[in-house]
Amino acid sequence: MSDVVLLVLAIIFIIIFVLIYCTIFFEFDETTFSKRLHVLTEYAKRTNAEHPTPDVLGHVSDVYEHTYIVTWFNTNDLSVYHETVHDDTIEVFDFLEQKFSPAKSTVAQRVAPSASDPNAFVLTGDKSEVKMHCPQHFNFDYNQLKCVPINPCDTRAPGLYAMDEHLLDALVHSQHLDKDYTINAHLQHPTLYLRCLADGSYVVQECPDNYTFDAATSECKVNELCQGRPDGYVLDYFPETLLVNEFVECYESKHVVKQCPEQHVFDRQLMTCVQAHPCAFNGAGHTYITADIGDTQYFECLNNQESQLITCINRVRNTDGQYACSGDARCANLTDGTGQLVHMHVDDTFEYASGQLVCDNFEVISEIDCNTSDVLTNMLFLQKFKLETEFPRQVFDNGECVPATFNNVRVLNDTFPIQNVPNDYNIDMQTSIIGLTDMIPKLLAGDDLDDTFGQNVVLARDVGAVGLNPVTAEPIDCLGTQLFDVLDASRANICTESGDGVLKTLKFENGTFLSVFRDNLTGSDIDYKRFCAISYENSLKIVKSDHFERRILTNILQSDVCADLYTTMYQKYTTLARKYTTTPFQYTYTFVKPPPNIVVYAKNIQLKNATISKPAFDPFANKQIDNKNNLAKPLFDPFKNAVWYSEPDGGDGDHWGPDLPPPVQPDSEPDESEPEPEVSPLILDKKDLFYSCYYELPSFKLTSCYAENDVIIDAITDLRNNVTVDAECEPAKDLHYVLNAYAYTGNGVGCRSVFNDDGVAVIKEPIPSYVFANLNTQSNDGVHYNRHVHVKDGRYMACPDHLYDDVEFRCNVEADKLYYLDNMQF
């Protein structure tokens with residue numbers, strides 16, 4: 001019994017000992033211990049003569065770029081004391097002095113590739129650089145900061161290569177051994193071979209059964225099958241290139257290809273030549289080849305008697321021994337369907353590589369498509385211009401997709417077309433403005449886009465041309481049936497139907513202007529004197545001058561709208577009595593300034609608010625005749641209406657005296673028939689013209705007629721206070737501030753302010769003159785062309801732009817001015 005107890009105790013002690021040993025063994029890091037021992041030994045060697053060994057010693061244990069770790073350990077047992085992390089751009093560790101000191105200079109990189117040796121790399125220390133080498137068949141990869149195996153196909157063209165000892169170790173056994181492979185360099189694997197692909201990648205492949213790889217021809221060759229077989233022995237061997245009437249037999253211990261007699265085929269089941277159709281014994285789906293077809297064709301049986309010819313990109317034979325098509329059509333233009341095909345993009349302006357297709361034996365093994373989306377596609381300059389060219393985001397360069405620059409993109413043309421966004425005037429400016437290709441890199445640099453655009457264009461007006469060819473930038477006279485330049489609207493060409501010749505050149509002088517919607521392109525306005533002409537010579541300022549206004553102070557002419565309106569109002573509001581009995585209007589009371597500024601005054605009449613009384617007599621009045629003696633009465637008779645005054649006592653005091661008027665009585669109510677004072681004459685003097693311009697195209701004309709008569713001023717006030725409005729035009733009632741103003745309010749309702757016999761009215765047009773998609777801008781393209789029509793909260797107002805109060809939605813129109821609006825283009 002005691003022996004059993006002792007045995008059990010012994011086993012227990014052994015188990016405990018094993019556990020303790022394993023714990024110590026597995027926890028103990030022999031490599032780390034050896035490193036610390038080496039550090040301690042090195043320190044002792046270099047400093048023991050000067051310093052005693054410290055209790056704690058530090059050393060740099062790990063480095064990652066500019067960050068390093070200092071590990072401190074006890075020198076008596078080499079156990080870790082503590083670890084600290086540091087940045088070598090701030091401080092460096094002096095191993096011998098065992099202290100830190102400030103970094104004297106910043107080290108750009110601790111690890112760098114060697115410029116002359118891909119197998120080497122450079123380590124930068126605090127005081128010097130050390131060149132290190134990777135193992136053989138390795139190169140240093142700076143991106144990974146490590147040594148990586150060399151690609152076996154780096155220096156080999158696409159094709160098949162024998163598998164030597166090094167390739168076998170590295171690619172098959174995944175072993176990178178540091179040994180001398182030159183001893184067995186002549187040896188190769190019999191069936192395995194290396195296949196280098198066109199994209200630089202590789203695969204390890206093996207020859208079929210009964211085949212051996214021939215390094216001399218770089219192909220798999222069939223092993224001899226006729227060893228020990230008699231002549232005439234037919235082999236059950238059918239190579240891919242064997243025709244339907246051919247078979248393989250032995251002759252002198254070698255296999256040779258034989259043919260069946262004419263009109264015979266070789267039956268591979270009967271293993272003999274038969275006189276029959278190739279499909280007779282095999283049926284539908286069987287495939288075969290003949291001598292009269294191409295290398296990429298084969299016949300496929302439809303039934304026992306018919307077959308069809310199949311043409312492929314590449315003909316192969318599958319595992320069932322039947323022919324089939326393989327390959328990608330994109331590889332068809334490559335020799336043997338193997339190689340690299342770089343995709344090139346070419347347009348009128350640029351040429352660049354957009355990607356790469358890599359094929360091997362007519363199969364696509366890799367394809368790279370770079371992101372060639374247009375970096376300019378969403379750019380709109382000056383809110384209306386876009387570039388009719390594309391610059392890619394990426395291009396294919398040196399085997400990868402990289403950002404596109406003018407260094408890897410070829411420029412084919414120094415200019416490119418520019419297109420403007422659609423506008424309400426249907427104006428196409430592609431012949432007026434051409435872009436310079438030098439603009440593109442400046443735009444990509446992020447400069448002010450609008451300024452960069454405007455400074456890098458060519459204008460037709462700058463070269464004295466009506467238009468420019470959008471592609472070649474050459475001057476042209478026609479593009480279609482008419483050609484004009486809205487940036488220089490002084491002329492236009494009427495062309496033939498085919499657009500190959502000029503029928504007539506129009507020149508717009510004073511009184512005429514370019515009207516784009518008229519067939520003859522000519523509009524007339526007696527006041528217009530090319531006020532919309534742009535005088536800038538700087539292209540940036542010209543292209544920015546899309547909307548501006550010209551104000552002109554001039555005289556009212558006898559035939560213009562001011563004369564017509566005020567003449568009509570004067571006739572209507574001039575009266576002889578309080579009952580507004582109108583007098584026949586006479587032009588002798590109307591004074592219109594002709595082109596020379598001549599002021600014409602009326603005859604001597606009493607004006608309203610005059611302070612000079614009437615004369616006692618009129619020396620030019622008709623003389624009266626005395627009926628008694630037929631003599632003319634004197635112009636002035638001092639005794640007329642006189643009485644003889646006699647004193648009561650007589651004497652010299654008697655005399656003639658004037659007849660005294662009756663006593664002054666209170667004023668009585670004037671008789672309704674009492675004539676009104678004569679009214680002031682109609683004076684037509686000044687007017688303001690406001691021309692709205694779309695570049696050099698006059699779009700709207702606002703006329704401000706000055707009123708210089710009290711009658712007209714009162715009439716204007718009366719008209720504005722008594723405006724009539726059609727029910728459907730109630731939202732547009734404020735159009736009355738400007739006559740002939742128009743607003744489209746939606747739902748087929750177009751309203752216009754008019755002056756008629758009844759006064760000023762805002763009426764609904766039977767058919768709207770214009771229908772706008774954008775009610776707020778009163779346009780179709782979202783541009784506010786008419787600056788004198790304003791929209792707010794569903795209400796419409798016509799008001800000169802300089803008098804409009806947007807906050808209060810109010811028109812601060814003057815009492816002595818009447819406004820009239822003309823649309824000069826429609």
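Note that Cβ sites are derived from N, Cα and C of the backbone, with glycine treated the same way.
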- Disulfide-linked residue for CYS207, taking Swiss-Prot as the record, within CYS220, CYS226: CYS220
- Could you tell me which of CYS250, CYS273 is bonded to CYS260 by a disulfide, according to Swiss-Prot? CYS273
- Query: Pick from 147-196, 697-746: which stretch is listed in Swiss-Prot under zinc finger?
  - Reply: 147-196
- Task: Summarise the model's confidence over the zinc finger (147-196) as a mean pLDDT value.
- Result: 89
- Note on the structure: CA pair ASN510 (N-linked glycosylation site) / CYS207 (disulfide bond), Å rounded to integer, equals 92
- Message: If I take the alpha carbons of ASN371 (N-linked glycosylation site) and ASN413 (N-linked glycosylation site), what is the distance between them in whole Å?
- Response: 23
- Using DSSP three-state counts, the residues of the domain 'Chitin-binding type-2' (223-281) come to 0 helix, 19 strand, 40 coil
- Message: Looking at the recorded positions listed here (CYS207, ASN210, CYS273, ASN722), whose Cα lies nearest to that of ASN413 (N-linked glycosylation site)?
- Response: CYS207
- Message: Please list the DSSP helix, strand and coil residue counts for the zinc finger (147-196).
- Response: 8 helix, 12 strand, 30 coil
- Query: When you measure from the Cβ of ASN333 (N-linked glycosylation site), how many other Cβ atoms are you left with inside 10 Å?
  - Reply: 10
